[in-house]
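*Asks:* What follows is a structure written as structure tokens; I'll ask about it next.
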Amino acid sequence: MLCSCCSGVLRLFLCCINILFFAIGATILTIGTLLITSSNDFTYITSDMRTGVILIIVMGSLLSCVSIVGVASTASAWKPLIFANVLVLVLLILLELTAGIYTMTSYSSLKSTVGEHMHEAIEKYEEESQYQEFVDFFQKNYNCCGYEDSSDWRGYHNNTKKLPNDCKCNGTLDNSICSFNERYKVTVWSKGCSDAIKDVIDRLSWSLGMTAIGLTIVQLLTLGLTVVFCLCKVIETKKSSSYALNDQQKLQKQ
């Protein structure tokens, strides 16, 4: 009786968790899809970024699939489906751990790689729109000029072009904010965009890391509860078989 009550509570709890997982998985999948479709112009920067976004899409898809299997297995209490749900949960946790290790190992090289491509984007600024959009995004939104500073623009078309408007500082002349560029005879932002780019990478990595840790903890809890639920169903089945056998023996004695 206690085991039956326990399995009923676990069934309801697991169904709620799996519905929550489906919502989270669908959200992650949507975000990943939006990132990879809206950032096509920036894919030249580094393949690591695209790989990371693809991992997000895969994890979102798997999480949604796991949640559907989880709801079906707990609702039907069909043991083979419950076992399948446990197996898929283990695979998903292993994938998340792999993604975490990949992020940690590629994190240091990612910043230097982005810096190299930023210099390339500055040199080829007017050749393709993707270079312009990437450079302009950081210079406009973070009040910076070049990667290290405005001197990075010396290689821009053999120095025959003017600095982009986003480089020009409209504030007062202050070496900490604005400085006068002798080469171009304009007031420009003193700082380069390297700190802004690194800050974006830091915040993105931190957000992904915390999300992965949170999901892994909840999934481990779900995995444990699913195993307990499965054991309860096995015990219930054995008890039902035992009761049926006892009833049959009583009838035979009569």
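Cβ atoms here come from the backbone N, Cα and C positions, even for glycine.
Any TrEMBL annotation is an automated prediction that lacks curation.
Quick paste of what TrEMBL says about this protein:
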type: TRANSMEM; residues: 12-37; note: transmembrane segment
type: TRANSMEM; residues: 49-69; note: transmembrane segment
type: TRANSMEM; residues: 81-102; note: transmembrane segment
type: DISULFID; residues: C144-C178; note: disulfide bond
type: DISULFID; residues: C145-C167; note: disulfide bond
type: TRANSMEM; residues: 212-232; note: transmembrane segment
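I'd like these features described in context: how deep, what's nearby, how far apart.
*Replies:* For C167 (disulfide bond), applying a Cβ distance below 8 Å and a minimum sequence separation of six or more within one chain yields Q139, C145, G146, S150, W153, V186, V188, W189.
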*Asks:* Using a Cβ distance cut-off of under 8 Å, indicate which of 12-37, 49-69, 212-232 has the most pairs with the transmembrane segment (81-102).
*Replies:* 212-232
*Asks:* For each of C144, C145, count the other CB atoms within 10 A of its CB; which of these disulfide-bonded residues has the top count?
*Replies:* C145
*Asks:* Report, as a single number, how many Cβ atoms besides its own are within 10 Å of the Cβ of C178 (disulfide bond).
*Replies:* 20
*Asks:* Taking residues 6+ outside the transmembrane segment (212-232), which of them lie with a CB under 8 Å of any CB in it?
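*Replies:* Cβ under 8 Å, 6 or more out: 3-4, 6-7, 10-11, 13-14, 17-18, 21, 24, 63, 70, 73-74, 79, 82-83, 85-86, 89-90, 92-93, 96-97, 99-100.
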